[in-house]
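Here is what Swiss-Prot records for this protein:
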type	residues	note
ACT_SITE	Glu76	active site, proton acceptor
BINDING	8-15, Thr105, 127-131, Phe143, Ser230	ATP binding site
Amino acid sequence: MERTIGIDAGGTLTKIAYFNEKRLLTFEKFYSHEQHKIIDWIKNNNGIKQICITGGKSKLLQQLLTGSYKIIELNEFEATLAGVQYILKEEKHAIRNFILTNIGTGTSIHYVYNEQYIRAGGTGVGGGTIMGLSKLLTNIDHFEDVIPLTKVGSRKELDITVGDIYGGILSPIDNNLTASNFGKAAITESNNSSSDILATVQGLVGEVVTALSLQFAETKNIEHIIYIGSTLCNNVQLQHIISSYTEYQNKTPIFLQDGGNSGAIGALLHATK
């Protein structure tokens, strides 16, 4: 049986989407630098004839696959948006206008309206920031090891909050809001645990990404912000940081099941439509 797969070759992770024998949407995930594993997986799955590929690392991977398969290239955001629209329909979300924030190695933010889109902006702060600072500050360099520690860590000994500054005096904004990420590290002597450091790193990333998304949502008068990306996968703590901050600003956050695979899904759908 001839099969088609969609590949999103990102800066950190490469995601593959395909329909299995039961026509169920199925996913595989590899580190992008482990290209031999990606190629081996494709070669070991007999019947693959066509590959639609997108993402920043797509050219490099395409060079390794050319000649053996029919290759289709697809613009990265077109693939992502197609995947997001598919998931929205599957999850029965009736939303046409929204801010789409994709937290990958870095973060890109798009304004989507009536199935059209424009790039609103982005930031170099994203999943790559979490992993880079985790390595520098704690020498932990695997995402799977970082996430459990962020769940048990505390930001209280490292972040300065509005309440810390006002010291019990009535403040003009919520005392629990962060006034300075890692601000206490410069003014207190403390031997912080790895879990506290990682929780604070993730807090910084979550707040920066959310603040930018909120600014764009406010500018366009948009209620819904859809957050996707592999950085959110099984990352309940980061989702909580983003969700609480978004809701505090009276916007509605949406986290899609399999949102991190949107690019691969969109690539697959493009090749099989």
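Glycine is no exception: its Cβ is also placed from the backbone N, Cα and C atoms.
Taking the features listed in Swiss-Prot, we show where each one sits on the structure.
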residue	record	Cβ within 10 Å
Asp8	ATP binding site	34
Gly10	ATP binding site	24
Thr12	ATP binding site	19
Thr14	ATP binding site	27
Glu76	active site, proton acceptor	19
Thr105	ATP binding site	21
Gly128	ATP binding site	18
Ile130	ATP binding site	25
Phe143	ATP binding site	19
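On a Cα basis, the residue listed as 'active site, proton acceptor' lies 8 Å away from Asp8 (ATP binding site). In three-state terms derived from DSSP, Thr14 (ATP binding site) belongs to an extended strand segment. In this structure the C-alpha atoms belonging to Ile130 (ATP binding site) and the residue listed as 'active site, proton acceptor' are separated by 23 Å. Thr105 (ATP binding site) sits 14 Å from the residue listed as 'active site, proton acceptor', counting Cα to Cα. Distance from the CA of Glu76 (active site, proton acceptor) to the CA of Thr14 (ATP binding site) is 13 Å.
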